[in-house]
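Q: Got these off TrEMBL a minute ago, pasting:
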type: DOMAIN; residues: 24-480; note: domain 'Major facilitator superfamily (MFS) profile'
type: TRANSMEM; residues: 59-78; note: transmembrane segment
type: TRANSMEM; residues: 90-113; note: transmembrane segment
type: TRANSMEM; residues: 119-136; note: transmembrane segment
type: TRANSMEM; residues: 183-203; note: transmembrane segment
type: TRANSMEM; residues: 215-233; note: transmembrane segment
type: TRANSMEM; residues: 239-260; note: transmembrane segment
type: TRANSMEM; residues: 288-311; note: transmembrane segment
type: TRANSMEM; residues: 323-342; note: transmembrane segment
type: TRANSMEM; residues: 349-378; note: transmembrane segment
type: TRANSMEM; residues: 384-404; note: transmembrane segment
type: TRANSMEM; residues: 416-440; note: transmembrane segment
type: TRANSMEM; residues: 452-475; note: transmembrane segment
Amino acid sequence: MTTTQTGPVTRTAAPPGYRWRWLGLAVVLCAEVMDLLDSTITTIAAPGIAHRLGGGTTFMQWLGAAYTLAFALGLITGGRLGDLYGRRRMYLLGAVGFTAASVACGLSTGPAMLIACRAAQGAFGAILIPQGLGLLKDMFGPKDQAKAFGAFGPVMGLSAVGGPILAGVLLGANLFGTGWRSIFLINLPIGLAGIVGALLFLPSVRPTRGQRLDPVGMLLVGAGLVTLLYPLVQGRELGWPWWSFALLGLGAALLAVFAAHQVRRSRAGRDPLVLPALFRRRSFTGGLVLGVVFFTAVMGVTLAFALYLQLGLHYSALRASLASAPNALGIVAGSIVGGAVAGRLGRRILHLGVVVIAVGLAALTGLLAVVGAGLAWWHFAPALLVLGFGLGTVFAPLFTFVLGDVSDDHVGAGAGLLNAVQQVATATGTAVIGSLFFGLAGPHPDAADWTAALRTTMPVAIALLAVTFALVYLLPRHASEPAEQ
């Protein structure tokens with residue numbers, strides 16, 4: 001099913017009419033499900049796990065932080081590994097490792113072992129996840145790529161909301177007496193399905209020849225991302241000590257050194273981890289900047305709203321997840337529509353999606369002002385549906401636009417970089433908008449204080465969406481076309 005050419009840097013994808021492309025898409029989405037479930041599933045399980053294993057508050061925080069940091073550490077390198085050694089091979093390595101680490105999590109006997117296994121999950125996830133975008137470009141031609149990427153939105157929405165819900169169901173069911181361990185062991189059948197599916201349906205494309213990894217670049221970008229993300233993830237919980245700001249500065253400096261190292265290595269004729277020429281493409285650079293602003297806004301306000309449901313309206317984490325279901329349904333609908341019309345509307349679909357998101361947030365802000373602390377789930381369900389629809393129309397085509405004119409030889413590294421930017425933006429939104437939300441609520445907030453804090457926080461996200469709207473003009477008019485110079 002594949003054709004290849006010999007040469008120092010050639011790589012030929014599976015033909016656009018690759019026979020098993022839709023089953024291959026299902027295999028790629030299987031990996032996305034595992035990643036999204038494991039990044040959210042400990043939300044409501046952490047207290048019970050801590051009680052059983054004897055961990056404290058710090059342990060509960062690190063259940064999520066260990067995964068996030070290890071995931072971000074390896075994203076760019078993981079993507080580049082797929083470029084150099086084959087995406088199917090790296091998918092299999094990541095899937096086997098992720099599944100094994102999940103089983104190890106379920107068999108953990110103490111807090112330290114579980115934290116280490118969560119970090120292993122994140123590390124193998126960083127190898128697994130970046131392969132998906134490159135595999136889709138290998139399997140699908142330009143006309144079908146929008147439809148393929150459109151499937152990501154429903155999976156992202158349902159998995160993000162479904163993680164806490166699934167955790168609640170599994171904890172309540174206590175299958176075979178496994179208790180909290182079942183939230184990790186559930187990855188065993190999912191992972192095995194992904195591994196078998198990869199062996200049967202993913203194309204085996206001959207990787208790039210004659211290129212090598214950049215170990216210094218790997219160390220610099222990994223250290224820079226972790227140093228940048230750690231204070232963003234933990235800073236608010238620790239009260240933003242002075243060293244958290246020092247680490248932010250150090251992380252930014254390390255990433256600047258990494259960028260300079262990539263330029264020097266490229267000029268010397270050696271293989272960089274990330275090709276500097278990518279940043280001369282307005283579509284790619286503009287997409288990264290757009291991604292920072294967009295994900296900072298939507299992930300930050302999503303966190304603030306989830307906290308409001310639990311702290312202001314006193315919902316349990318499970319009930320809060322169920323109350324957010326209209327958002328997930330909206331994402332599914334928006335992704336289907338976005339994937340269907342993106343080819344005709346081009347980048348205007350992103351403009352439309354950003355406007356719809358802003359309308360949904362404005363509706364929530366109005367409800368908070370009018371109804372106040374008496375807000376019930378049926379009040380905000382329509383606004384969440386609108387918000388989710390807008391998110392779906394943006395999620396579906398965004399990666400196609402940003403990576404549309406990135407060569408197959410570097411799409412893995414490009415996808416890894418885009419995923420890393422998303423992680424940094426999510427952590428930034430969580431830190432900045434989350435800190436603003438808590439600061440506005442005051443030291444001893446009641447329901448009215450939480451309501452006022454969220455109402456004041458919403459316009460910040462809307463302002464960031466206005467910036468996102470303007471940044472869309474940096475992208476090409478249509479996916480897979482060169483951006484205007």
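Note that Cβ sites are derived from N, Cα and C of the backbone, with glycine treated the same way.
Any idea what these are sitting next to in the structure?
A: Only residues 6 or more beyond the boundaries of the transmembrane segment (59-78), in the same chain, are considered here, and those with a CB under 8 A from a CB of the stretch are 35, 38-39, 42-43, 46-47, 49-50, 53, 90, 94, 111, 114-116, 118-123, 125-131, 213, 218, 221-222, 225-226, 229-230, 233-234, 237, 273-274, 413, 416-417, 419-420, 423-424, 427.
With a threshold of 8 Å between CB atoms, the same-chain residues lying at least 6 positions outside the transmembrane segment (215-233) that come near it are 65, 68-69, 72-77, 243-245, 247-248, 250-255, 257-258, 261-262, 265, 272-274, 420, 423-424, 427-428, 430-431.
Counting same-chain residues at least six beyond the ends of the transmembrane segment (239-260), those with a Cβ under 8 angstroms from any Cβ of the stretch are 217, 220-221, 223-232, 276, 435.
Outside the transmembrane segment (288-311), and at least 6 residues removed from its termini, the chain residues within Cβ reach (under 8 Å) are 317, 319-320, 323-324, 354, 357, 361, 364, 391, 394, 398, 402, 417-418, 421-422, 424-426, 428-430, 432-434, 437, 445, 450-451, 453-454, 457-458, 461, 464-465, 467-468, 471-472, 474-475.
For the transmembrane segment (349-378), same-chain residues at least 6 beyond its ends with a Cβ under 8 Å from one of its own Cβ atoms are 294, 298, 301, 305, 312-313, 323, 334, 338, 341-342, 384-394, 397-398, 401, 446-448, 450-451, 454-455, 458-459, 461-462, 465-466, 468-469, 472, 475.
Only residues 6 or more beyond the boundaries of the transmembrane segment (384-404), in the same chain, are considered here, and those with a CB under 8 A from a CB of the stretch are 133, 137, 142, 145-146, 149-150, 152-154, 156-157, 283-284, 287-288, 290-291, 294, 298, 324, 326-339, 342, 347, 349-350, 352-361, 363-364, 411, 414-415, 418, 475-476, 479-481.
Here the transmembrane segment (452-475) has Cβ contacts under 8 Å with residues 282-283, 285-287, 289-290, 293-294, 296-298, 300-301, 304-305, 308, 312, 347, 350-351, 354-355, 357-358, 361-362, 364-365, 368-369, 401-402, 433, 436-438, 440-442, 445, 483 of the same chain, all six or more residues outside its ends.
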Q: Is it true that the transmembrane segment (90-113) and the transmembrane segment (183-203) have 3 or more CB pairs under 8 Å, sequence gap of 6 or more?
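A: Between the transmembrane segment (183-203) and the transmembrane segment (90-113), which are separate recorded stretches, there is contact, as judged by 3 or more close Cβ pairs.
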Q: Same chain only, please: residues at least 6 beyond the ends of the transmembrane segment (416-440) with a C-beta under 8 Å from a C-beta of the stretch. Say none if there are none.
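A: For the transmembrane segment (416-440), the far contacts come to 68, 71-72, 75-80, 126, 129-130, 133, 225, 228-229, 231-233, 235-236, 240, 274, 287-288, 291-301, 303-304, 307-308, 399, 402-403, 452-454, 456-457, 460-461.
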